[in-house]
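According to TrEMBL:
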| type | residues | note |
| --- | --- | --- |
| DOMAIN | 1-135 | domain 'TTC3/DZIP3-like helical' |
| REGION | 1-28 | region 'Disordered' |
| COMPBIAS | 8-28 | compositional bias 'Basic and acidic residues' |
Amino acid sequence: QVSQNELDWFHQDSETQMKKWQQEKKENRENLKALRGTVKKHSDTNERYLKAIDDKEKQYNACFKTFLETSNKFANERGKLEELIKKSQDDSQECEKRAVKAEVSVLQTWKETEVWKLKGTIAKAEGNLRMLKALN
């Protein structure tokens, strides 16, 4: 009788333990299902982010390539403009030199003309002086 009671208690404990384990198993399955859903969501989100990163990287590379092309183009233009400025400065200096030479030439011609006029006036005055001396 005692053994039967112990056996019944043991069966009751076993059934209680079994029900408890089955409940834990059910809860664990639900938790596992929820975790798998969370993992799937995170995996999908990660895939979207990776795709977005790839797209942004492609956009960045395209913009960077455009930037480099534009930068090189402007560097070439700057070099050409610097050459043109240098040439223009050289041409300007040459024009200044020619203008100074032309001005000097004009002044020399004016001086020579004035000297010639003065010599003419001197010659007339000398001629008049001779005439006056001859009349005296």
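From the backbone N, Cα and C atoms, a Cβ is placed for every residue, glycine too.
No curator has checked TrEMBL annotations; they are predicted automatically.
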(message) Let's see if you can do this one: DSSP helix, strand and coil counts over the region 'Disordered' (1-28), in that order.
(response) 27 helix, 0 strand, 1 coil
(message) Within the domain 'TTC3/DZIP3-like helical' (1-135), what mean pLDDT does the predicted structure show?
(response) 95
